Amino acid sequence: KETAAEKFQRQHMDTSSSLSNDSNYCNQMMVRRNMTQDRCKPVNTFVHESEADVKAVCSQKNVTCKNGQTNCYQSNSTMHITDCRETGSSKYPNCAYKTSQLQKHIIVACEGDPYVPVHYDASV
């Protein structure tokens, strides 16, 4: 079974491309990372930074998560991210996404030993 840390890697990490100017990026990646299997995941963010840099966020600025938990952390610096949002015409199983390139601070929830990101909370 996939651990929470592994799920975070699958759903949110893309170290291979620093920036993809490809408007088709989300359509391809959401399928490739199994986020369109039983439904279209409505919103998802990919982070284009090294695994080490993203794991390091767990020791940066402690903030409160959207759900009220206190194990969220905001990155000190901005990161290259891609936002994938389902389009109005998207209908399972033909999930369709709009791709947006952004440079923002990320907020992740961390847990475990080693203390690693397990949930992508927001970008600011």
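In case you wondered, yes, glycine gets a Cβ from its N, Cα and C as well.
Here Swiss-Prot flags His12 as active site, proton acceptor. Classification of His12 (active site, proton acceptor) by DSSP places it within a helix. Note: His12 (active site, proton acceptor) has non-local neighbours Asn44, Thr45, Phe46, Val47, Pro117, Tyr120, i.e. same-chain residues 6+ apart with C-beta under 8 A of its own C-beta.
According to Swiss-Prot, the active site, proton donor annotation covers His119, on the basis of similarity to another entry. For His119 (active site, proton donor), the Cβ neighbour count at a 10 Å cut-off comes to 20, with all displayed protein chains included.
The substrate binding site annotation in Swiss-Prot covers Lys7, Arg10, Lys41, Pro42, Val43, Asn44, Thr45, Lys66, Arg85, and the record cites similarity to another entry as its basis. When secondary structure is read from DSSP and collapsed to three states, Lys7 (substrate binding site) falls in the helix class. Counting Cβ atoms from all protein chains shown, Lys7 (substrate binding site) has 14 others lying within 10 Å of its own Cβ.
Taken from Swiss-Prot, the feature compositional bias 'Basic and acidic residues' applies to 1-13. Below 8 angstroms of C-beta separation, residues 33-35, 44-47, 51, 54, 108, 111-112, 116-120 of the same chain, each at least six residues beyond the ends of the compositional bias 'Basic and acidic residues' (1-13), sit close to that stretch.
A sphere of 10 angstroms centred on the C-beta of Cys26 (disulfide bond) encloses 25 other C-beta atoms. Per Swiss-Prot, the feature disulfide bond maps to Cys26-Cys84 (among others).
All protein chains considered, the CB of Cys40 (disulfide bond) has 19 other CB atoms within 10 Å. According to Swiss-Prot, the disulfide bond annotation covers Cys40-Cys95 (among others), on the basis of similarity to another entry.
Counting only same-chain residues six or more apart in sequence, the Cβ atoms lying under 8 angstroms from the Cβ of Cys58 (disulfide bond) belong to Tyr73, Val108, Cys110, Tyr115, Val116, Pro117. Summarising the annotation, Swiss-Prot assigns disulfide bond to Cys58-Cys110 (among others).
The disulfide bond annotation in Swiss-Prot covers Cys65-Cys72 (among others). Within the same chain, the residues at least 6 positions away from Cys65 (disulfide bond) whose Cβ sits under 8 Å from its Cβ are Asn71, Cys72, Ile107, Ala109, His119, Asp121, listed in sequence order.
Per Swiss-Prot, the feature N-linked glycosylation site maps to Asn34; the stated evidence is experimental evidence. Around Asn34 (N-linked glycosylation site), the same-chain residues six or more apart in sequence whose CB sits under 8 Å from its CB are Arg10, listed in sequence order.
According to Swiss-Prot, the feature region 'Disordered' maps to 1-21.
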Neighbouring C-beta atoms (10 Å sphere around the C-beta of Val43 (substrate binding site)): 10
Cα distance (Å, whole number) from Cys26 (disulfide bond) to Lys41 (substrate binding site): 11
CB within-chain contacts under 8 A for Cys95 (disulfide bond), separation at least 6: Asn27, Met30, Val31, Thr36, Cys40, Lys41, Glu86
